[in-house]
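Trainee: The structure under discussion is supplied below as structure tokens; questions concerning it will follow.
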Amino acid sequence: MGIGDGSPSETQHAAHKEKRDETTPLLPLKAEEEDGIHEFNGASFSGAVFNLSTTIVGAGIMALPASIKMLGIIPGILMIILVALLTEASIDMMVRCSHQAKITSYGWLMGDSFGQWGRIALQASVVINNIGVMIVYMIIIGDVLSGTSTTGVHHRGIFEGWFGPHLWNSRPVVLLATTIFVFAPLVSFKRLDSLRYTSALSVALAVVFVVITAGIAILRLIEGTAEIPKLFPEIHEINSIWELFTAVPVLVTAYICHYNVHSIDNELEDRSQTKPIVRTSLALCSSVYVATSFFAYLLFGEATLSDVLANFDSDLHIPFSSVFNDIVRVSYVVHVMLVFPIVFFALRLNLDGLLFPTSRHISHDNRRFTIITVSLLVVIYLAANFIPSIWDAFQFTGATAAVLIGFIFPAMIILRDSYGIATKRDKVLAVTMIVLAVLSNSVALYSDAMSIFYRKVEA
């Protein structure tokens, strides 16, 4: 039979391709590259671990010490571990369903289970979450390089400390320069694996931050100059209990990486490696989170800020304090800069999927690729100059989009069980995840709303 003669196999293949094009904002599978280029032989295990770990360990790590301050050491660390275990379970649900049905994106998976509106809900959630997270990245860069006064006390930025206050090192100018000269080149890559080396460097810089913070805290503890942190939260009234829940969205946001799991999975030569890659990444990131939260809170005690990097402008009561302050802040700012393109990758794909669900893939349309990339960079830059605190940004995205992406949507997919693979344990776990997510984040949103209301009344 000739090409295009309408044979059943070709008709089925065309229908399958049309369905995929309508529901998945992801790069084509290696075997179906439109350009006929096949020299990419699959991402390595280590490259995939670094990319996924970089997706996880982003700005969330900077707000975790404040969460530990609120919850106390023991409940705080237990919560970090619990959220990691739930994250592993939710990703496992997604991956098993995707492999069973040969699905190559989270959006396609939601569309396959719940139709067009399921796909749209997922893609909109990823767009909201990732825009919020990248605004946080820019806020952190501005806080560290140009300083912050969100707590009423001015914390000097690195450039201000080195050169004094000038127009050229003000927040708008510094963030504009970062956007043009750092972010724009890094977000121009069209394949996630192209970022494996910057991802490896970003993970290494996060470890540098943890090691230095831990070393200073231990030295202070040995010298007896460290404040002994509280093990449990201080509860004075019923409002104190509600306020504890405001830490939950921050913890949830710290582990959201689900939107990049399929991108990483698709680029693997052996997709059976996905589960060990996820477990390795979560174990690495959880270790970094626990160490950072514990030692940063031990170091700064009740003075711990919502962005702990802003604390590193004060006297650490050790020799060469200012040098260590600068090393910590510079290393983590570079880390955040390298995380940005990883998160941006998923944002651009999902926004394109929302706006142009039936168009050819964005990686093959340079004009659309450029317009969406530039537009997103402009929106994120402007928002970062007007939103005052990373805690405010985390509260909104963590209690809404992040909890949907990380827990509610995967649980709904396994409960729908369109592929007949869900066990009784899966369904019990899925119901538990949904109940915990809805209750804890509803209370967190209520507590945040009351807090904002009382602040306005007092003002």
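Backbone N, Cα and C atoms are what each Cβ position is placed from, and that goes for glycine too.
What you see is a predicted model, and the numbers here were worked out from it, not measured in a lab.
Reproduced below are the annotations present in TrEMBL:
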type	residues	note
COMPBIAS	13-23	compositional bias 'Basic and acidic residues'
DOMAIN	43-445	domain 'Amino acid transporter transmembrane'
REGION	1-26	region 'Disordered'
TRANSMEM	56-86	transmembrane segment
TRANSMEM	120-140	transmembrane segment
TRANSMEM	172-189	transmembrane segment
TRANSMEM	201-222	transmembrane segment
TRANSMEM	242-261	transmembrane segment
TRANSMEM	282-300	transmembrane segment
TRANSMEM	330-349	transmembrane segment
TRANSMEM	369-387	transmembrane segment
TRANSMEM	393-415	transmembrane segment
TRANSMEM	427-446	transmembrane segment
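Give me the structural setting of these features: burial, nearby parts and distances.
Mentor: Same-chain residues lying 6 or more positions outside the transmembrane segment (56-86) and placing a CB less than 8 Å from one of its CB atoms are 133, 136-137, 140, 202-203, 206, 229-233, 243-244, 246-248, 250-257, 281-282, 285-286, 288-290, 292-294, 296-297, 300-302, 304-309, 332, 335-336, 339, 343, 390-391, 394, 407, 433, 436.
Within the same chain, residues 25, 58-59, 62, 106-107, 110, 114, 175, 178-179, 253, 256, 259, 307, 309, 332-333, 336-337, 339-340, 343-344, 346-347, 350-351, 353-354, 376, 379-381, 383-384, 387, 389-390, 393-394, 396-397, 400-402, 404-405, 409 sit at least 6 positions outside the transmembrane segment (120-140) and bring their C-beta atoms closer than 8 Å to a C-beta of that stretch.
When Cβ-Cβ distances below 8 Å are used as the criterion, the transmembrane segment (172-189) is approached by residues 138, 141-142, 145-146, 157, 159, 195, 198, 337-338, 340-341, 344-345, 348, 373, 377, 380-381, 384-385 of the same chain, each at least six residues removed from its ends.
For the transmembrane segment (242-261), the list of distant contacts is 51-52, 55-56, 60-61, 63-64, 66-67, 70-71, 76, 79-80, 83-84, 87, 90-91, 94-95, 106, 126, 129-130, 133, 192, 233, 235, 274, 278, 281-282, 285, 289, 342-343, 345-346, 350, 391, 394-395, 397-399, 402-403, 405-407, 410, 437, 440-441, 443-444, 446-448, 450-451: same-chain residues at least six beyond its ends, Cβ to Cβ under 8 Å.
Away from its own ends, the transmembrane segment (282-300) comes close to residues 49, 53, 56-57, 61, 64-65, 67-69, 73, 76-77, 80-81, 84, 87-88, 203, 206-207, 209-210, 213-214, 216-218, 220-221, 226-227, 229, 254-255, 308, 311, 316 of its chain (Cβ-Cβ under 8 Å, at least six residues beyond either end).
Outside the transmembrane segment (427-446), and at least 6 residues removed from its termini, the chain residues within Cβ reach (under 8 Å) are 86, 89-90, 93, 242, 245-246, 248-249, 252, 395, 398-400, 403, 407-408, 410-412, 414-415, 417.
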Trainee: At a C-beta cut-off of under 8 Å, are there same-chain residues at least 6 beyond the transmembrane segment (201-222) that contact it? List them, or none.
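Mentor: Residues packing against the transmembrane segment (201-222) from afar: 50, 53-54, 57, 61, 284, 288, 291-292, 295-296, 298-299, 316-318, 324, 327-328, 331-332, 334-335, 338-339.
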Trainee: By Cβ distance under 8 Å, which residues at least 6 away from the ends of the transmembrane segment (330-349) in the same chain are close to it?
Mentor: 25-26, 51, 54-55, 57-59, 62, 126-127, 130-131, 133-134, 137, 140-141, 144-145, 158, 178, 182-183, 186-187, 189, 192, 195, 198-199, 201-202, 205-206, 208-209, 212, 259-260, 263, 309, 362, 369, 372-373, 376
